[in-house]
Amino acid sequence: MRYLCRAQLLSLLLLPLLKARLSVPAHPIPKIFLPLMISTWNYTDANREAWTVLRQGPRRTRQAVIQGCLHCQNSNSCGRLLGGHSAPDSSGGITLEAALIDGANMDYGAVAGMAGIRNAIGVAHDVLRYTNHSLLVGEAAARFAEAMGHKKEVHSLSTTLDVLLPWLLGKCQPNFWRNVRPLANDSCGTFSPLPQEQHQREMRQEYPIEPGHHDQVGFLALDTEGHLHAASLSSGARFRIPGRVGDAAVPGAGIYADNQVGGALATGDGDVLMRFLPALLAVEALRAGQSPASAAEAVMRRLLRHHTEFNGGLVVVSRGGVYSAACAGLDEFQFVVSGESSGRSMRRVEGIKCLDRHEVVTGGPRGNFYVVPKKIWAAGGEDVLVQRVEKITLNEGVDSREFEEEYVEDKAAEIDVDEGEKAEEVRSLLDESPGDLLLHQLGLAPPFPFRFPFIYF
């Protein structure tokens, strides 16, 4: 009887844990075993090349991710931007960037803004092996590459001009300038800064990510002994301002790996990725005990709270080979996974649907949302600072926005308006701005009192 009670007690203690382990994660645990090779986007040939190296045996993770990058930079199988010299900066310059990280000791090597050297990942590897630095940039990076034995090449001018000339004829749209004169949305420059008082906070312009037109690719390899390496390669954003460094070269932005917990690959708007270091955040979320699925989603939601129009994706892998992904702004985010199951090599293209960015930002469904004006008096005489009216129409994947002024706060507030002086003051303030549009759309009208929400973005 005593042993029966112990068994019953043990079952009661373990049952919740067993249920938790058996619950279905947001992204199903893959039926693929180690070793594991993951690469961003639907570039199966490059993934296959990397996998061929990885499955030769343990401790081949570094060579595997390098081989994947080499395949992309030496062929057109990873889209014409990476292999075809068709991602020039605004002056027509062709530069590359690449990075490599070792999850065992956190060694890191990267190059950025490097012109005339095709083998960017090889130079990044040399930075890791032969220097105490982490990142070399520009002409000095090219000189370092030549000293390491890499040959300088002349890029195809005709290919570059085929891309650059239509852009120049189209008044250099799109570009990456703001708060300058002449207006960046109608000119090629030369630009000069606007005075500070004339600066406007505009919604960040995001450029659509089209299939086969990616300017960055990432690879992550995990072997049977738990060794991790990650690598990235990028041609840089098209028509970028010369001198710009992208996320592919910045630790934690495009790639990160730590043998103790796992690794991550991020891709998309590099200037946003560099501000949040999502690959690093995801790995640290794993360290804190989150699953790859929850880590990926949490990081993506964090990006969206600050940059609602972000386009891109994130893949997170645990040290045990469980992986998941999250994305925003795309119809679908694809990545390629190769591994072994029952002694046989398996490869598949994973595709996930992206987060509904509007639910992240507004916490609500599709429809019409309004944000109302200025500083108005709440009941009790408190000042509440809000944004001027912004209408956001959220239909089936179509966004239309009307902006009047800059963001103010990143939280919601409600205001009770009572009859009397405060109500009249609120009413007059609303009349002075587009706030009457809000009242009309919400079906609210005088006489007061009324109650309505303020939705922040």
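The backbone N, Cα and C atoms fix where each Cβ goes, glycine too.
Swiss-Prot has this to say about the protein:
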type	residues	note
SIGNAL	1-20	signal peptide
DISULFID	Cys72-Cys78	disulfide bond
DISULFID	Cys172-Cys188	disulfide bond
DISULFID	Cys327-Cys354	disulfide bond
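Nearest to Cys327 (disulfide bond) in space, judged by Cα atoms and limited to the disulfide-bonded residues Cys72, Cys78, Cys172, is Cys78. Cys354 (disulfide bond) and Cys78 (disulfide bond) are 22 Å apart (CA-CA, integer value). In the three-state DSSP scheme, Cys78 (disulfide bond) is classed as coil. Counting Cβ atoms from all protein chains shown, Cys78 (disulfide bond) has 29 others lying within 10 Å of its own Cβ. DSSP assigns Cys172 (disulfide bond) to coil in the three-state reduction, outside any helix or strand.
Cα of Cys72 (disulfide bond) to Cα of Cys354 (disulfide bond): a distance of 26 Å. In the three-state DSSP classification, Cys327 (disulfide bond) falls within a strand.
Cys354 (disulfide bond) sits 30 Å from Cys172 (disulfide bond), taking the CA atoms of both as reference points. The highest number of surrounding Cβ atoms within 10 Å, among the disulfide-bonded residues Cys72, Cys354, is found at Cys72.
The Cβ of Cys188 (disulfide bond) has Leu168, Lys171, Cys172, Asn175 as same-chain neighbours under 8 Å, each 6 or more residues away in sequence. By a simple count of nearby Cβ atoms, those within 10 Å, the most crowded of the disulfide-bonded residues Cys172, Cys327 is Cys327. DSSP gives Cys188 (disulfide bond) a coil state; it is part of no helix or strand.
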